[in-house]
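Asker: Under the heading signal peptide, Swiss-Prot lists 1-20. Here Swiss-Prot flags 23-56 as region 'Disordered'. The phosphoserine feature in Swiss-Prot is assigned to SER54, SER105, SER108, SER150, SER152; the stated evidence is similarity to another entry. As annotated by Swiss-Prot, arginine amide applies to ARG127, with the evidence given as similarity to another entry.
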Amino acid sequence: MKSIYFVAGLFVMLVQGSWQHPLQDTEEKPRSFSTSQTDLLDDPDQMNEDKRHSQGTFTSDYSKFLDTRRAQDFLDWLKNTKRNRNEIAKRHDEFERHAEGTFTSDVSSYLEGQAAKEFIAWLVKGRGRRDFPEEVTIVEELRRRHADGSFSDEMNTVLDHLATKDFINWLIQTKITDRK
């Protein structure tokens with residue numbers, strides 16, 4: 001009698017095991033999609049298994065898409081900051097690397113801007129040198145020796161100075177369209 005119960009229990013376990021699809025089987029060998037849609041509707045376990053598999057595939061593909069999208073957005077941001085070079089981008093860049101290996105900082109950029117402003121102011125004033133008044137400049141140029149040993153001529157110095165002033169005045173007074 002015990003053997004009949006044992007055989008019946010074993011038979012019930014086999015039937016119950018055939019109804020359930022273990023997770024290991026579905027992961028190791030993918031199910032073929034040659035079954036028709038009517039077969040899938042008939043077997044609810046099959047529908048749950050395929051649904052779980054498709055959700056996992058979708059989640060995996062979606063996370064890969066999000067990763068590539070984030071990487072693409074980061075590259076676009078980098079390109080825009082390099083292209084625009086606006087104040088926000090300069091604030092984040094401590095140094096800008098040049099091909100010859102030198103670095104320029106925000107301080108040197110500021111100093112270059114200041115030097116440009118001083119040069120424009122110097123052009124507007126029309127002076128020969130930035131640091132010295134006109135009289136001192138003329139005296140220094142008279143005392144300076146050329147490479148061949150002769151002294152600079154006072155007349156040439158004065159004419160050069162006047163020509164420079166006339167040129168700067170012409171630049172300031174004429175419009176850009178008139179210069180062409």
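Cβ atoms are placed via backbone N, Cα and C, with glycine included.
Have a look at these and tell me how they're positioned relative to everything else.
Answerer: DSSP assigns SER54 (phosphoserine) to a helix. For SER54 (phosphoserine), the count of additional Cβ atoms within 10 Å of its Cβ stands at 10 [all protein chains shown].
Summarising the environment of SER108 (phosphoserine), the number of other Cβ atoms within 10 Å of its Cβ, over all protein chains shown, is 13. SER108 (phosphoserine) falls within a helix when secondary structure is assigned with DSSP.
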Asker: I'm trying to understand the geometry here, so how far is the Cα atom of SER108 (phosphoserine) from the Cα atom of SER54 (phosphoserine), in Å to the nearest whole number?
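Answerer: That comes out at 58 Å between the alpha carbons.
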